[in-house]
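Straight from TrEMBL, the features:
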{"type": "DOMAIN", "residues": "11-223", "note": "domain 'Thiaminase-2/PQQC'"}
{"type": "BINDING", "residues": "Asp44, Glu82, Glu142", "note": "substrate binding site"}
{"type": "ACT_SITE", "residues": "Glu215", "note": "active site, proton donor"}
Amino acid sequence: MSFVSSLASKYEGLIRESVSHPLTDELCKGELPDYKLFVYLNQDLKFFQRGMNVFGKTLAYCDDAKSSITLGKQIGFVSNDENEYFEKCLREIELHAKEKVPKMASSNVVLPKVQEYLDLLDFLTYKSESYLELVTFMYVMEFVYLGWAEYNICLGNVKGDLEYKYNEWIVLHSGPDFSNWVEFLKNEVERVTANATEEELKLCERTFVRALKLEIDFFEECYKYSE
C-alpha cells in the first residue's frame, strides 16, 4: 500500500466527513440558500487569495522540472476561471445576502475557524521550507473539493438544470481535467514520500490530518453562520 493510500485508509472517517457536509450537499442539489452561499464564498474568496501565495511557494520549492510546468499551468487556470466565478457569483447573490447577513455583506468579517485556516496558509507561504508539506496540503485541499463533487454526482444529486451559481462551482471541481490535477498532486506526494525520512513522513501525516480538519471546520462554520 502506498503512503497516501495508507493515510486515506487510516483517516477514512475524516475524509468521508469532509466530502459529505450539508453545505456542499445542499449546494450540489441547488438547495443552499443564497445567504449561506454568500457566506461560504465570501470566506472562501479570502482563502483563495491567500491560497495563491501557497500555490506560488509550492511551485518555487518543486524539485522536478516536469512537475513545475504542471503547477505553473494550474496557477494560470485557477487565477482566471475561479476568480471569474467568485466575482460573478458574489455580485449576483449579494442583494439577498444583505437582507440575511448584512454584517458579512458590508464588512470584512473573518470567521474564527476560517482565520485559523488562513493562519496555516500564511505559515506555509512564509515559514515552510518543505515541498512535501506544501504539496501534501495542496493535495488535501484539492481532493476534498473533488471528493464532495464526485460524491454528490454519484448520488445523483447534481441535476442538469442547476443555476450558474451552483453548477459552475461543481464544474470547476469535477471532470477529467480536475481529476487529473488531483491525481498529479497525489503522485507528487507519493514521489517525495518514497525517499522521505521518518520525520518527513510524520510531517506529511500531520499536514494531511490538519488540512482535513480545517476543511471540515471551514464548511461547518460557514454553514452555521447567522446574524
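Keep in mind that glycine also has a Cβ here, set from the backbone N, Cα and C atoms.
Sequence features, as recorded in TrEMBL, placed on the structure.
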residue	record	Cβ within 10 Å
Asp44	substrate binding site	18
Glu82	substrate binding site	19
Glu142	substrate binding site	19
Glu215	active site, proton donor	24
_Additional residues surrounding substrate, by Cβ distance to the Asp44, Glu82, Glu142 centre under 8 Å_ = Phe47, Phe48, Gly51, Val78, Met141, Tyr145, Leu172, His173
*For Asp44 (substrate binding site) and the residue listed as 'active site, proton donor', what Cα-Cα distance in Å is obtained after rounding to a whole number?*
11
*Integer average pLDDT (0 to 100) for the domain 'Thiaminase-2/PQQC' (11-223)*: 96
*Measuring Cα to Cα, how many angstrom lie between Glu82 (substrate binding site) and Glu215 (active site, proton donor)?*
18
